[in-house]
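First comes the structure, then the notes that go with it.
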Amino acid sequence: MVLAGVRCVMKGLMGLVLVAMLTGAGASTVCAGGDSAVIFMYHRFGDARFPSTNIRMDQFKEHLAYLEENGFHVAPLDEVVASLKSGDKLPEKTVALTMDDAYASVYEHAWPLLKEKGWPFTVFVGTEGVDKGYNDYMTWGQMRELKKAGVQFANHTATHPHMTEKAPEETEEQWLSRLKVDVLKAQERLDEELGTCPRMLAYPYGEYNTKVADLVAELGFIAFGQHSGAAGSTTDFRAAPRFPMSETYGTLRSFRTKSRSLALPVVSMTPWDPETTDRQPELEVFLGPGDALWNELSCYVSGQGRVDIEWVVPGKQFKVRAKEPFSVGRHKYNLTVPAKNRRAYHWFSRQWIVRE
């Protein structure tokens, strides 16, 4: 069956605040406007061995039922990106569904439910695992079956590397050359096995830096991370946001909140590069026009709770910094602000990769 005729369809304090707002009076009538879309990211389905990347089937069924019952528009990812980049309006409450790694459970558990609804989705494929016939992955034959039915497949690199990490013996030129070969090899295998696939890439582990992002863009790819937030007309598509879903972060309460989020109109930010040696990195953000209540902008920092916002130009430019030093590893600033109608939140997150 060809997928067509799509049906209209935080952890801690921040999550509680958002849920309280969005489940209040009138919340069911307003969501993402025509210049915003929410992209969800899944990995495994019904695979209890890996709870950090798995969604239970009862949870996934709740997600699909919620989208259907509340009139969400489930759209193909490439069409969402094209509309946002061109400035064309999307239907209200548009979402896109994505799955990373091409695990067999996508075919076995997610596909039958999505096929029944006729909803599109995109699978980002790490091609080497498929080529080697690993049991956890779909086969090329299964993917051809899904592609024929309208499922979209895209690039997740060949070897699933940590793209920001150079080998000790590598020069910068050798490192970037290795990544280029890895990305292009994956695209070649996808095109060989499945026919021409869109030049979209999901960063393994959601990790990127400026050099990686620029390389991917130069190769002609739209790229996606694993940092939360809605995508919008001002999104930098070198690293578009997606909401990761898992057993912990995939509760119906959490899903409901995220599905209703709007893009924060971030025109630029300094630094753009998420990789840093600063243990308390300062982020400066420049905003475009928006319908938000800017005096209620909040920032929540990984493990530190809410931190102060320093407005440089009210409603247009602000700075934010962690209260305490970060450890080496991945951390996040989550920024939210209510829309003027108080029926939705604009949501943007900044991932940091802190190095020694």
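Indices start at 1 and increase along the chain as displayed.
From the backbone N, Cα and C atoms, a Cβ is placed for every residue, glycine too.
Taken from TrEMBL, the feature domain 'NodB homology' applies to 93-301.
The domain 'Ig-like' annotation in TrEMBL covers 265-317. Along the domain 'Ig-like' (265-317), the predicted structure has mean pLDDT 97.
The annotation signal peptide is assigned in TrEMBL to 1-32.
Under DSSP, residues within the domain 'Ig-like' (265-317) fall into helix, strand and coil as 3 helix, 27 strand, 23 coil.
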